[in-house]
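Q: To start, I am sharing the structure in question, which I have written as structure tokens.
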Amino acid sequence: MGTVLLKALSFVLIIVLGYVLKKLVFKNPKDHQIVAFILLNVTLPATVIHAFGTFRRDASLFLIIAIGFLCAVIPMLFVYLISRHQKKDKRAFSMINVCGFNIGCFALPFVQNFFGPGGMIIACLFDIGNAFIVTGGSFAFTSTVLQTNPDEKQSVGTLLKKFVSSIPFDTYMLMLVLVMLNIPVPDVVITLVEPIASANSFFALLLIGMMFEFRTRADKYRTMFGVLGLRLLFGAAFSAMLYFFLPFSLEVRQVLAVVAFAPVTSLAPIYTERCQSDSALSSLTLSISIVISLTVMIGLVLAMQA
């Protein structure tokens, strides 16, 4: 348990470091985009390649991809159905921010530290399904059904372009194809990407600290806490079902139970703004969800290893 607490403390320290650097050094609001670029296009793909390098094909585990998709899309559809009498901008905010999981920038480094390469594979498979929603699916659905951008043309081609232009998503797809074809990742590739993959946790946690934002109007808090409350309820429901009812090994169920509490995706503020809603409130929602998720996920790991 002492080791778990020390690892958790190291997480918090790196996040705090990112926030301090944001306030004292990187004062330009766009400085964090440099770290985000390195994370999404270099260290995260390297981490995925390294994780799949030790993966042995197990057809039953591909069910996790479908689970990731369902866990991401169900909250969005639920909010869409229950918010029919709300204003369009509020509905758009709730639909975008209630769905999806921040796996690559948060849950994956968490799992990497506490569950090792085997756990990372599970998180990656879950994130493949989740990626269909967080990398454009939530925005495409919300903007279409609510007609938030009447001047913007929505098409299957536009949505597909968003997917294929995402390097992490492309990496997931490539690794998935290799696994399905029983083609192993060459040992030399695994060796080359290992030091880059090792840096993923640091960059991800540093970015979280740099993205912390606590400024918004007080009258918006009710909407934000409503979304956070729904995320927590869905997270608890998904976590319990995945842990107690899936026919997988204990390690697989533990990883899924933990990642079900991952915070709001880093892309949520961007898509919130594109849906003509409050991106500043989305940034605050992301920040608070990180605190909640870190607390809950550490608590779960401590309980599992007690």
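Note: Cβ is positioned from N, Cα and C throughout, glycine not excepted.
Dumping what TrEMBL says about this protein:
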- 6-22: transmembrane segment (TRANSMEM)
- 34-53: transmembrane segment (TRANSMEM)
- 59-82: transmembrane segment (TRANSMEM)
- 94-114: transmembrane segment (TRANSMEM)
- 120-142: transmembrane segment (TRANSMEM)
- 163-183: transmembrane segment (TRANSMEM)
- 189-212: transmembrane segment (TRANSMEM)
- 224-246: transmembrane segment (TRANSMEM)
- 284-304: transmembrane segment (TRANSMEM)
Q: Is the number of Cβ-Cβ pairs under 8 Å between the transmembrane segment (120-142) and the transmembrane segment (59-82) three or more, considering only pairs separated by 6 or more positions?
A: yes
Q: Report the listed stretch (59-82, 189-212, 224-246, 284-304) having the maximum count of Cβ pairs within less than 8 Å of the transmembrane segment (6-22).
A: 189-212
Q: In terms of Cβ proximity under 8 Å, which residues at least six beyond the ends of the transmembrane segment (189-212) contact it?
A: 11, 14-22, 26, 31-32, 35-36, 38-39, 42-44, 46-47, 49-51, 53-54, 104-106, 108-109, 112-113, 266, 283, 286-287, 290
Q: Can you work out whether the transmembrane segment (59-82) touches the transmembrane segment (163-183), with the criterion being 3+ CB pairs under 8 Å where the paired residues are 6 or more apart along the chain?
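A: Judged by the Cβ rule, the two regions do not touch, with the required three close pairs absent.
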Q: With a Cβ cut-off under 8 Å, give me the same-chain residues at least six positions beyond the ends of the transmembrane segment (163-183) that come close to it.
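A: Here the qualifying positions are 40-41, 44-45, 48-49, 52, 55, 57, 104, 124, 127-128, 131-132, 135-136.
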